[in-house]
Amino acid sequence: MMSLPSSWPDPRIFSAPILLILIGFSFVGADGAKRNVGEAPKSPSCNNSFESVKVKSWVGGAEGKTLVGMNAEFGALLPSQAEKAIRLPAVFANPSNCCSSSSSKLAGFILLSIRGECDFMQKAKVAQSGGAAALVVINDNEDLSEMVCSNSDTALNISIPVIMISKSGGEALNKSMGDGQKVELLLYAPKRPVVDFSVAFLWMMVVGTILCASCWSQLTAPQQADERYNELSPKKSSKAETPNNDSENEVLNISAMGAIFFIITASAFLVLLYFFMSSWFVWVLIILFCIGGVEGMHACIVSLVLSRKGRNCGHKTVNLPCFGEVSIFSLVVLLFCVAFAIFWVTTRKASYSWVGQDVLGICLIITVLQMAQLPNIKVATILLCCAFFYDIFWVFISQVIFNESVMVSVARGDNSGGESIPMLLRVPRIFDPWGGYDMIGFGDIIFPGLLLSFSFRYDKANKKGILNGYFLWLMIGYGFGLIFTYVGLYLMDGHGQPALLYLVPCTLGLVFILGFVRGELTHLWSYTMEEEPAASSREHSVHA
């Protein structure tokens, strides 16, 4: 954005490591209501799936906070609709651990019990024998543990619902009851819809982003005549303003070794995130994301406006210390982008913050796909195949080594102090009673996006039409790859998916098939940038 004198390298070259760190996150997922079933004895009366439960509360007749719990592997199942559930008063067990017969009246009540002293089955037996309508176990921490059957009681028939809530939720109920107020609870387990509109919206947003990024040079073509207003740069002599010396057209030409090195670096950074995840670490990522997002947003706005309005927007200048005479228009846009990023940071936990995150993310992705290019299918094959195995390993195979999926753990933000990883495009699940977001990592957009951008340049350089070219078919292949990704996501009950498992075959595989059928595979494999029409850009290779 604020560039240095013309003799200095393009600042975007120095920001490339920041962008590469951000795009190394490759993951598709959705917040799920279902939990993994632990190892436990099975019997006809002990085979419930672990699912989230909503606990609506009323204190003194006024509706209170809705808590989230999880049902036990045993006991009756709850209705999926609140209208079919019964609102009943709550009472604490006496003794509070519910390990022996309670002296409290239980019939017609929902019994509250603390965890400990005896197993969950024993607590359920006591509650059921006393006539309680349901048992709510209060955990001793903020997590929700899986309440499984004990080995000796797998044949016991528990006919009342048994659920667990967090420690803070139980303390809130206890405080209300301690103040002498009547507390009523309503328990139900709403089902997550098979398909939510957010998936379709996210699909359109991702496909549209790649389409715009690939065609960006065409969208901003009129602006190419006067590129110097696309940045905050000092006034230069007429010689410095010639196209051949225009640093804004710098391109990072990815090499084979650079592609391999990047995947290795991304893996190391992911492991670092996994082991040292904390709120301050996420804050570092948020800052890097904002830097990349501001740079991308500034470049996108300026190039679009100047391509429509021409150089007249950039004639007025102002003198700034260290930067000399700069365009007022570009400066105003920069300040707007910085303010936009600051607003997103301060409201990042609000329900509408996904809009700002997606805007910054899309601008960042477009910028990356403009400054990084694949020279041919040989390098594309190396990069995408490495990314293909990288994604599969860290989503699936890493569970064998680390006892959990490293990529999914980082995506959830475990041990991040409530902060969320920003390297995602996300859309709220509007029609889902549990809320949450559908999301996709930057890597799942940028890795295939590099290939699609190459296909667009290749078609243009070789004067190919829409149908006999590659770009249209790769866009269709990418769209179907995303559909297959979300089908896999739903078939696996919302567990995170390595999107590149589906996207790479649908894009890179399609290039090989079309190239082989058309007899152009050898040309695609060894294609060089010099074969494209002479451009005013200087290229820098990314090597290990």
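Every residue, even glycine, has its Cβ placed from backbone N, Cα and C.
Whatever TrEMBL says is automated annotation, not expert-curated.
The structure displayed is predicted, hence computed values, not measured ones.
Noted in TrEMBL for the protein shown:
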SIGNAL    1-32  signal peptide
DOMAIN    89-173  domain 'PA'
REGION    227-247  region 'Disordered'
TRANSMEM  251-276  transmembrane segment
TRANSMEM  282-306  transmembrane segment
TRANSMEM  318-345  transmembrane segment
TRANSMEM  351-369  transmembrane segment
TRANSMEM  381-402  transmembrane segment
TRANSMEM  439-458  transmembrane segment
TRANSMEM  470-492  transmembrane segment
TRANSMEM  498-517  transmembrane segment
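Counting Cβ pairs under 8 Å to the transmembrane segment (381-402), the stretch among 251-276, 318-345, 351-369 with the most such contacts is 251-276. Taking residue pairs at least 6 apart in sequence, the transmembrane segment (351-369) and the transmembrane segment (282-306) share three or more C-beta contacts under 8 angstroms. When each of the listed stretches 251-276, 318-345, 470-492 is scored by C-beta pairs under 8 angstroms to the transmembrane segment (351-369), 318-345 comes out highest. DSSP places the residues of the domain 'PA' (89-173) in helix, strand and coil in these numbers: 20 helix, 18 strand, 47 coil. Same-chain residues lying 6 or more positions outside the transmembrane segment (439-458) and placing a CB less than 8 Å from one of its CB atoms are 22-30, 202, 206, 209-210, 213-215, 254, 266, 361, 364-365, 368-369, 372-377, 380, 383-384, 387, 391, 411, 423-427, 464, 469-471, 474-475, 478, 481, 485, 499-500, 503-504, 507-508, 511, 524, 527, 532.
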